[in-house]
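Participant: The domain 'Glycerol-3-phosphate dehydrogenase NAD-dependent N-terminal' annotation in TrEMBL covers 4-159. TrEMBL lists Gly7, Ala8, Gly9, Ser10, Trp11, Gly12, Ala139, Arg254 with the feature NAD(+) binding site. The NADPH binding site feature in TrEMBL is assigned to Ser10, Trp11, Arg31, Arg32, Tyr48, Lys105, Ala139, Arg254, Val279, Glu281. Positions annotated as substrate binding site by TrEMBL: Lys105, Arg254, Asn255. The sn-glycerol 3-phosphate binding site feature in TrEMBL is assigned to Lys105, Gly135, Lys190, Asp243, Ser253, Arg254, Asn255. Look at TrEMBL and you will find 179-320 tagged as domain 'Glycerol-3-phosphate dehydrogenase NAD-dependent C-terminal'. Positions annotated as active site, proton acceptor by TrEMBL: Lys190.
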Amino acid sequence: MRAVVMGAGSWGTAIAKVLVDAGTDTTMWARRPELAERITHDHTNTDYLPGITLPDGLRATSSVVDAVTGADVVVCAVPSQSLRANLTDWMPHVAAESTFVSLAKGVETSTLMRMSEVISEVSGAPDDRIAVLSGPNLAREIAEGQPAATVIACSDEHRAEELQQAFNTGYFRPYTNTDVVGCEIGGAVKNVIALACGMASGVGFGQNTLATIITRGLAETIRLAVAVGAQIETLAGLAGVGDLVATCSSPLSRNRTFGAHLGQGATMQEAQEATHGQVAEGVKSCSSVRALADKFDVEMPLTDAVHQVCHSGLSVADAVSSLLGRRTKPEIYD
Ligand SMILES: NC(=O)C1=CN([C@@H]2O[C@H](COP(=O)(O)OP(=O)(O)OC[C@H]3O[C@@H](n4cnc5c(N)ncnc54)[C@H](O)[C@@H]3O)[C@@H](O)[C@H]2O)C=CC1
Ligand SMILES: O=C(CO)COP(=O)(O)O
């Protein structure tokens, strides 16, 4: 199997390292030729993963044709809102029988599509050749070789098992699942909930508040996921609660960090600058997740509050008051 990782940000680079460490022949595509040069010759990506030495066998190129020619597996490692445009550029060079693996955690704002749906529409590939990789996988920890697990979901169980072998190393352990919808909704919504946790910690609230947001965040994630067609068990797994806990708790999370800046009183512009141009997917996906919830008539108060802070000028303090002022109710998922 030959893999190409399209995108040389922090997760694309870390997952390319995983693939090489797993013994899979892997090439990376970077937009900037100088970055591709550094990955190939210096074995570093100092812009995104400073201090990490990449494997000698990892080669990068800034030529899409060079990157995708001969690849059986195309790993999509660009931000959600740019996947459609990037994939449209890549498709003329992608082999007809390629398998796609989506790493992006978001919902397209213009269409409310999940990433596997975008891949399906743009590529025309059948669902059995579209997989999703999602779990508690902060890029830097994986690049350091710290142990972690993930989920590779594909409607074709056999395809998921083949990919499981391609990504399996001594430190990175993929599980398979056929619930693509559950993995994608878990991955997209946890970024929004991590923004809320960041806001709370930026204000100075402690662990009780964080645990409350994580738990009630899981409740609204489950409500949406089940309405869209997911299996509830997936949200109890690595791509659900696993990723939610990792992202909401870690200072490495860009979403949590972005929220913390807002909680400390920064403007959206200041929070953007403080995350050094790296994508905090929840900032855009809070709008599409909220719209998806409206479409399926699902209540998502935390997502709604994050959307209002990010896009309607609501202060974090007013968001907290309005959440606590909601009518009292039993603790159930629906
Ligand atoms: N960083 C992490 O720890 C993890 C990230 N993810 C997800 O993986 C996806 C990619 O994330 P990262 O690699 O971390 O992002 P990043 O912000 O570190 O890098 C994004 C990469 O995509 C490229 N790119 C191509 N077209 C772009 C465009 N139009 N706009 C912006 N960038 C463009 C950039 O040049 C860069 O190489 C996101 O959906 C993220 O949620 C998932 C798991 C872990
Ligand atoms: O998806 C992630 C961990 O699984 C990374 O989260 P951030 O994008 O918030 O850094």
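Just so it is clear, glycine is given a Cβ too, placed from its N, Cα and C backbone atoms.
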Participant: Hey, of the binding-site residues listed (Arg31, Lys105, Lys190, Arg254), which one tops the CB count within 10 A?
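Facilitator: Counting every other Cβ within 10 Å of each candidate, the maximum falls on Lys190.
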Participant: So which binding-site residues out of Tyr48, Lys105, Lys190, Asp243, Asn255 end up within 10 angstroms of Ser10 (NAD(+) binding site), measuring C-alpha to C-alpha?
Facilitator: Tyr48
Participant: Tell me the Cβ neighbour count for Gly12 (NAD(+) binding site), meaning other Cβ atoms within 10 Å of its Cβ, over all protein chains shown.
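Facilitator: There are 24 such Cβ atoms around Gly12 (NAD(+) binding site).
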Participant: Which binding-site residues from the set Gly7, Tyr48, Asp243, Ser253, Arg254, Asn255 have a C-beta atom lying less than 6 Å away from ligand 2?
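Facilitator: Going through Gly7, Tyr48, Asp243, Ser253, Arg254, Asn255 in sequence order, those close to ligand 2 turn out to be Asp243, Ser253, Arg254, Asn255.
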Participant: Can you count helix, strand and coil residues in the domain 'Glycerol-3-phosphate dehydrogenase NAD-dependent C-terminal' (179-320) using DSSP?
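Facilitator: Residue counts in helix, strand and coil order: 109 helix, 0 strand, 33 coil.
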Participant: Determine the binding-site residues, out of Gly9, Ser10, Arg31, Gly135, Ser253, Asn255, lying near ligand 1 in the sense that the CB is under 6 Å from one of its atoms, and give them in sequence order.
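Facilitator: Gly9, Ser10, Arg31, in sequence order.
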Participant: Residues with Cβ closer than 8 Å to the Cβ of Asn255 (substrate binding site), same chain and 6+ apart in sequence?
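Facilitator: For Asn255 (substrate binding site), the qualifying residues are Asn191, Val192, Ala194, Leu195, Gly198, Thr247, Ala280, Glu281, Gly282, Val283.
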Participant: Name the residues of the same chain, 6+ apart in sequence, whose Cβ is under 8 Å from the Cβ of Tyr48 (NADPH binding site)?
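Facilitator: Tyr48 (NADPH binding site) has long-range Cβ partners Ala8, Gly9, Ser10, Thr13, Ala139, Gln278.
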Participant: Measure from the Cβ of Asp243 (sn-glycerol 3-phosphate binding site) and count the other Cβ atoms within 10 Å, all protein chains considered.
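Facilitator: Step by step: centre on the Cβ of Asp243 (sn-glycerol 3-phosphate binding site), count other Cβ atoms within 10 Å, giving 26.
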Participant: Using a 10 Å radius around each Cβ and all protein chains in view, which of these binding-site residues has the most neighbours: Ala8, Ala139, Val279?
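Facilitator: Of the binding-site residues Ala8, Ala139, Val279, the most buried by Cβ count within 10 Å is Ala8.
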Participant: If you draw a 10 Å sphere around the Cβ of Ser253 (sn-glycerol 3-phosphate binding site), how many other Cβ atoms fall inside it, taking every protein chain shown into account?
Facilitator: 23
Participant: Would you mind listing, in sequence order, the residues at least six apart from Trp11 (NAD(+) binding site) in the same chain with a Cβ closer than 8 Å to its Cβ?
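Facilitator: Listed in sequence order: Ala77, Leu103, Asn137, Ala139.
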Participant: Taking just the CA atoms, what is the gap between Gly12 (NAD(+) binding site) and Lys105 (substrate binding site) in Å?
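Facilitator: If we compare the Cα positions of Gly12 (NAD(+) binding site) and Lys105 (substrate binding site), the gap is 13 Å.
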